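Asker: According to Swiss-Prot, the protein carries these features:
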- 50: active site, nucleophile (ACT_SITE)
- 49, 50, 51, 52, 105, 110, 111, 112, 116: substrate binding site (BINDING)
- 185, 186, 187, 188, 189, 190: NADP(+) binding site (BINDING)
- 95: site 'Important for activity' (SITE)
């Protein structure tokens, strides 16, 4: 039984193909329930996000993973063949750890993927398609991800506009829980900014947008995390003083936040500082506001330079993280081999005990029949030795024929050491 990882991601497949093989949680739960009694594919976890769909499974038949992925999505296998990647055992473990740590993500070091992998495991557990061995691999991958994030800087620098704005707010204001944020426009960029700020724990988000419908759509996305208020675009200047942080991205050809408006807002705020972030091109905010005391103005170029520098730092940290993942994967595989050896040793011990019991019973029967005790004892020892040596002798001969010479020489040395140790005379002084 081997551990396999098979799938497609943003590096190997177009968005169109990724859409074809994607699963939502409800459909995936039904499919996993169907796999529960499958002879060769009943121990599996499926990770499906916008950037990847991957199947992780314990199985003896790797091709069945590709067949399953194609058939469940109605895709010709030939269409998938040129885009899927497949890893086995050590490589599969390393890949899973890299995925969980954010090292294989489109946005290097992004933290969301760990939660998505955890959710995938939880769904498979609910469907009873996760063995103890498969669960152990995933739990160790989560441990690796935690180590990577806590011991390297791979996730500590902002590399998206939304995240950068949130981090900037933390630098300017020490306590995000007291902040009121104003989103001027409710487009895609400001939606990302609003989500990051809401997750950071700001007190309130004011959405200022021309279309109330679009503002309400954004409000619904963050209302479970933060208090939300919607105002019309004509109310922007009158409410500017209420905002500690303003993020503007309108797409307008003209400025929408003027010097005099910000100056008046500062006065109403008793000159408490304001952070203004202009994500628009052309710019939304009059650049002269930067001359006002207490105003921090950042534009797209300012943020992009920070993001570029941070991404370079993440890439540097990723080198250290890759080494850590490789070491942790090796530790897990070593642990698994030791466990497998322990199971084999236990089986061999039980086999030996059974052979001993059989021969003892036979010897006692012979003694009860009046056979010579010395002959019975010699026959007992001979038969037991033959039974114990037969399977190991066969394995040693096969190893000599098929295993690498180095491995066979190592095994001979180990056995020789054991035999020499057993031949040493006992110290009778301790009796």
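Positions of Cβ are set from backbone N, Cα and C atoms, glycine also.
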Asker: Enter the number of other CB atoms within 10 angstroms of the CB of residue 189 (NADP(+) binding site).
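Answerer: Result for residue 189 (NADP(+) binding site): 20 neighbouring Cβ atoms inside 10 Å.
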Asker: Let me make sure I understand the span of the substrate site: among 49, 50, 51, 52, 105, 110, 111, 112, 116, what is the greatest distance between any two Cα atoms, in Å?
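Answerer: Answer in Å: the longest Cα-Cα distance is 15.
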Asker: With every protein chain in view, what's the tally of Cβ atoms within 10 Å of the Cβ of residue 51 (substrate binding site), excluding that atom itself?
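Answerer: For residue 51 (substrate binding site), the 10 Å Cβ neighbour count is 19.
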Asker: Beyond the listed site residues 49, 50, 51, 52, 105, 110, 111, 112, 116, identify every same-chain residue whose Cβ lies within 8 Å of the center of their Cβ atoms for the substrate site.
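Answerer: Other same-chain residues near the substrate site: 102, 106, 107, 113.
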Asker: Highest Cβ count within 10 Å among the binding-site residues 49, 105, 116, 190: which residue is it?
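Answerer: Answer by Cβ density within 10 Å: 190.
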Asker: Under DSSP, is residue 188 (NADP(+) binding site) helix, strand or coil?
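Answerer: DSSP assigns residue 188 (NADP(+) binding site) to helix.
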Asker: Check the Cα-Cα distances from residue 185 (NADP(+) binding site) to the recorded positions 49, 50, 95, 105 and tell me which is shortest.
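Answerer: Its closest listed neighbour, by Cα, is 50.
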Asker: Which one is it, among the binding-site residues 116, 186, 190, that lies nearest to residue 50 (active site, nucleophile) by Cα separation?
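Answerer: Nearest in space to residue 50 (active site, nucleophile), counting only the binding-site residues, is 116.
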